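One structure below.
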Protein chains: 2
Amino acid sequence: MTANLLYAQSGGMTSVINASACGVIEAARARPEHIGKVFAARDGIVGALTEQLYDLDAESDAAIAGLRHLPGGVFGSCRYDLQDIATHRHQYERLIEVFAAHDIGYFLYNGGGGSMLTAERLLQVSAELGYPLKVVGVPKTIDNDLADTDTSPGFGSAAKYVAVSAREAACDVASMAGTSTKVFILEVMGRHAGWLAAAGGLAERTPGELPLVLLLAERAFDEGTFLEAVRTRVNAQGYCVIVASEGLKDSAGRFLSINTDNKVYDWIQLGGVAAGLAARIKQHLGYRTHWAVADYLQRSARHLASRTDLEQAYACGVEAVRLLAEGGHGTMVTLRRLADEPYRWEMASVPLAAVADLEYLVPDDFITPDGFGITDAARRYLRPLIEGEDHPPFRDGIPHYEPLRLTLAATRLPAFELD
Amino acid sequence: MTANLLYAQSGGMTSVINASACGVIEAARARPEHIGKVFAARDGIVGALTEQLYDLDAESDAAIAGLRHLPGGVFGSCRYDLQDIATHRHQYERLIEVFAAHDIGYFLYNGGGGSMLTAERLLQVSAELGYPLKVVGVPKTIDNDLADTDTSPGFGSAAKYVAVSAREAACDVASMAGTSTKVFILEVMGRHAGWLAAAGGLAERTPGELPLVLLLAERAFDEGTFLEAVRTRVNAQGYCVIVASEGLKDSAGRFLSINTDNKVYDWIQLGGVAAGLAARIKQHLGYRTHWAVADYLQRSARHLASRTDLEQAYACGVEAVRLLAEGGHGTMVTLRRLADEPYRWEMASVPLAAVADLEYLVPDDFITPDGFGITDAARRYLRPLIEGEDHPPFRDGIPHYEPLRLTLAATRLPAFELD
């Protein structure tokens, strides 16, 4: 059978999500016997509902190849999840209508656990309606909290950004600590999973080389032991570098973040942990501090992407198309680790239902007993994920990106009102 | 005459200050007929006062060459300025005692305007005491506020970091703007001079390509016109990227920063402008925002250094040694622009007194009439400073630095109590 393919993205961006799209589109173009046109939904599932579909026939091979270097997600994404079938069946039926109107028989959904739940439900409704649809999920999250895969594309590059930034900043604060700033705090993403804070541990080559304090979302923040850890490190090495999850909570489960009133679509935007930690250090220890909030920079710093992550992102896109075309649909592509050093991995897949809405947190044996560091097991796991560089082309001092045409296909259906 | 040389650093670090040190040390080693031993003061002038002098004979040529890749300032720096000669003559006399005890006839001071004032005073006291001392200043500041030089080493790399980060984050927010975050704010350094916020304008290749709002310290913040500028850009392009000086003030001259109580050694540490801007946008425009604070990352991101900046930093170190050895001392090394495109520059110098404690702000003709952008003249000036890359060597996913031995010379004087 030949059918058209629709690719859509969901949730936050990564430095390498466009590399997955590149893998999808190049692999689809290489299978004309299975796949006709390739569409990309504008702004994710929202564009699929509203029939805003980019017709990728308009894009040159060079522009598609250039996606490998482009941060953000050029086709757009959204924070908009489909609701339960029971209450919102019309959303799923609308999607099938849009698919039918554009002869779409293949749907690739790039996202995290929530997106895989949506993909699973869509498959269920299509079966009920007798619409021939094949669905495969492509994993993506800088948070590394997807279950049943060695890692998720996007995490390795964000982890590399955190590790390199913490190391470079450590060089700076070490230079100033004698008379000035003694503590540097880097706030990183992670609302429940502390994987990115854990990656701060990769700033040092050997345990204890740098005076690090890692604050992972998995551990309740205790002011007393935290301050003592900072004081100990400043006394021993003259300075301290803290890497903190934005999702840090106290023992009562309250976010330390200052931004908790910033709530949009059931999504509480965090941020402000670093300033709060700095104030506590200043007040109780008297040390001068500096703090940075990495925010979007950690997930868009394509200039510092992990080559490993980039290769995995591309490979996941290619594998997803292979599964669609050769069978094995109804699954999410995964990465399976074969060896730590040298790192070897292969493609695998799991049923969508197996990963839907699960969260994979940093395991206990990856966190040191005091809660402020990572173990050798964590290092063995994390180190390969940040390995290798893939410098994008620069022109006039900034990265050069090939422009895309982003031509929308003509609509064939009445307009649809979003809930 | 042969004498020993002392190198010292002052104030905040840059990504390339070690490259200047590298130029100094390599040039000094190439002039054994003029220069004996090379010392580096530990933690800047504090180490010179307390006779904490690194003896660089212990460092291999490879370790010195490796300084080109190392962020921070490996010999340390301080926020500690010498006071007036009238009230603190003993400080200057102590320095001369330390110099005499170690046969130091050459003093190289790497810093900004305040440091050049200290260097000038030290020269004056040495003359009064009849001590044969030659002094040359090496320019350094990420703020670009030193007078009488085309730019200062450190700025180009920080500017490149800001431009690249703003461009990468723009790709991210553009992807999300349809249903989620519409405004991204990047807070950058600059307490009086808005040069780094101006560098945010280099994120776009052509004026208007990106929906940018630059908030320079040179312009009083006006909430109404700011909000209108953001609203206009979101309406036109769907999103907005703001780059703001940490030193932003309102029309009454009050810092917008939340951190103004954080005062150490007469140095008010700023930070928090981004969060304040985000709150205003949320409240008045209802847009969802994300904000990052670059802080130390912008001045330590050696992995993203400007090759132009790096070459200038090294050249300034070499030229300072040439001036010491061949005459022309009592000056600060400067960079003189010969052409914009292709950028050509040459070394020059100015008397220390000419640059002491002056501040070079962004000129009016570099700022657009609405205050939220930079002009073509600014682009012509700024663009060459961020040109070129110089990727450091990486190992295991993070930059690899050659370790230094950092051996302190034996002290020959009684201890000295810092004021």
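Here the Cβ of each residue, glycine as well, is placed from N, Cα and C on the backbone.
All TrEMBL annotations are machine predictions without curation.
The domain 'Phosphofructokinase' annotation in TrEMBL covers A:7-324.
Taken from TrEMBL, the feature diphosphate binding site covers A:Gly12. Long-range Cβ contacts of A:Gly12 (diphosphate binding site) within its own chain (separation 6+, distance under 8 Å): A:Ser77, A:Thr141, A:Ile142, A:Arg299. According to DSSP, A:Gly12 (diphosphate binding site) sits in a coil region rather than a helix or strand.
Listed in sequence order, A:Gln9, A:Gly11, A:Thr14, A:Ile17, A:Ser20, A:Asn110, A:Gly111, A:Gly112, A:Ser152, A:Pro153, A:Gly154, A:Ala313 are the same-chain residues at least 6 apart in sequence whose CB falls under 8 Å from the CB of A:Lys140 (site 'Important for catalytic activity'). What TrEMBL lists as site 'Important for catalytic activity' is A:Lys140.
A:Thr141 (substrate binding site) carries a strand DSSP state (E or B). The substrate binding site annotation in TrEMBL covers A:Thr141, A:Ile142, A:Asp143, A:Met189, A:Gly190, A:Arg191, A:Glu246, A:Tyr296, A:Leu297, A:Gln298, A:Arg299.
Residues or ranges marked as active site, proton acceptor in TrEMBL: A:Asp143. Sequence-distant neighbours of A:Asp143 (substrate binding site) (same chain, 6+ apart, CB under 8 A from its CB) are A:Gly112, A:Ser152, A:Phe155, A:Met189, A:Gly190, A:Arg191, A:His192, A:Ala193, A:Trp195, A:Leu196.
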Under 8 Å by Cβ from A:Leu297 (substrate binding site), counting only residues of that chain that are 6 or more apart: A:Tyr161
Interface-adjacent recorded positions, chosen from A:Lys140, A:Asp143, A:Gly190, A:Glu246, A:Leu297, A:Arg299 when a CB lies under 8 A of chain B: A:Leu297, A:Arg299
Residues A:Thr141, A:Ile142, A:Asp143, A:Met189, A:Gly190, A:Arg191, A:Glu246, A:Tyr296, A:Leu297, A:Gln298, A:Arg299 [recorded substrate binders]: greatest CA to CA distance in Å: 17
Average pLDDT across the domain 'Phosphofructokinase' (A:7-324), rounded to a whole number: 93
